[in-house]
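> Please see the structure below; I have some questions.
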Amino acid sequence: MTVKPELNEITPYLQFNRQEWGNFRKDTPLTLTESDLDKLQGQIEIVSLKEVTEIYLPLSRLLSFYVTARQTLQQATYQFLGKPEPKVPYIIGIAGSVAVGKSTTSRVLKALLSRWPDHPNVEVITTDGFLYSNAKLEKQGLMKRKGFPESYDMPSLLRVLNAIKSGQRNVRIPVYSHHYYDIVRGQYEIVDQPDIVILEGLNILQTGVRKTLQQLQVFVSDFFDFSLFVDAQAQVIQKWYIDRVLSFWRTTFKDPHSYFHYLTQMSETEVAAFAKHVWNEINKVNLMENILPYKNRAQLILEKAADHSIQKVYLRKI
């Protein structure tokens with residue numbers, strides 16, 4: 001186990017390089033094939049079986065211990081209360097910048113966790129569904145702040161998380177379309193008492209100043225049983241973001257119904273410049289102000305290199 005130079009002796013994290021972390025796999029079986037992985041890839045990020053074996057299988061093993069421990073604690077609580085134990089999902093929060101690979105991480109984890117021996121039901125929810133509609137953002141002058149905390153319907157997200165964590169059935173999740181860059185009015189996904197919920201979002205580790213006891217403020221992270229932050233250097237994420245926009249420009253943006261179809265009238269150089277501008281003026285600002293400052297609230301940090309591979313893992317010890 002190595003020590004990161006810039007972290008002092010009272011760091012709350014244990015740090016592991018790739019080889020050290022991979023050793024924690026032990027005898028956890030690899031349940032994914034190359035064919036399975038093909039369905040899980042991101043727009044620009046390719047996850048190899050080697051990455052799954054060395055990084056995600058040990059993480060899956062760790063989570064299996066954590067979920068079991070949480071279930072035992074929950075059983076003890078309801079035994080003490082003398083009440084029947086409800087079915088309450090284990091909630092995992094995955095945070096990080098735009099284009100850092102949160103969705104790919106969520107998909108790989110879902111695939112692995114759902115293949116545990118007891119075959120748990122795993123659902124992935126993204127906070128995109130809780131963005132205000134473009135019409136409302138336009139009215140409030142927030143279109144250029146899309147993805148910032150104020151662009152989300154936080155009361156609705158908190159109500160949904162409370163319902164899920166209370167064991168309610170058939171909880172409705174609003175649907176967001178990246179193709180139309182907007183909420184799909186009247187369309188919902190249903191979450192019906194899964195065993196595990198993965199919540200993926202930009203600002204989900206963010207907190208503020210809590211109010212008085214009479215006005216106790218609740219944060220998204222209050223509902224998490226485990227939280228994970230996907231990290232990389234800002235200049236590296238910028239390149240990934242530009243590459244992703246160019247990839248969409250060559251494919252989905254060609255659809256006349258796509259919100260960004262107008263970009264297909266530009267050259268590749270112009271689109272790259274557009275993406276860089278959006279990164280610098282919006283996404284980087286959000287990262288520095290609302291995402292990165294809360295990285296150390298996560299229980300586990302995955303640190304990526306420029307080739308998308310995870311090179312270091314930080315596990316909270318306290």
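Easy rule for this one: first residue shown is 1, then count along the chain.
Just so you know, glycine gets a Cβ as well, placed from its N, Cα and C.
Copying in the features that Swiss-Prot gives for the protein in this structure:
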BINDING   G96, S97, V98, A99, V100, G101, K102, S103  ATP binding site
> Within 8 Å of the Cβ centre of G96, S97, V98, A99, V100, G101, K102, S103, which other residues of the chain have their Cβ, at the recorded ATP site?
V230, I237, W240
> Here are the binding-site residues: V98, A99, V100. Which has the lowest count of other Cβ atoms within 10 Å?
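Result for the binding-site residues V98, A99, V100: minimum number of other Cβ atoms within 10 Å at V98.
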> To which of the binding-site residues S97, S103 does the lowest count of other Cβ atoms within 10 Å belong?
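Selected from the binding-site residues S97, S103 on minimum Cβ neighbours within 10 Å: S103.
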> Same-chain residues six or more away whose CB lies under 8 A from the CB of G96 (ATP binding site)?
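For G96 (ATP binding site), the qualifying residues are K102, L202, F229, V230, D231, I291.
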> Once the DSSP letters are reduced so that anything not helix or strand counts as coil, what is G96 (ATP binding site)?
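DSSP call for G96 (ATP binding site): strand.
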> Count the Cβ atoms, other than its own, that fall within 10 Å of the Cβ of K102 (ATP binding site), considering every protein chain shown.
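Excluding its own Cβ, the number within 10 Å is 23.
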> Can you tell me the three-state DSSP label for G101 (ATP binding site)?
coil
> Could you tally the C-beta atoms, other than its own, that fall within 10 angstroms of the C-beta of G101 (ATP binding site)?
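G101 (ATP binding site) is surrounded by 24 other Cβ atoms within 10 Å.
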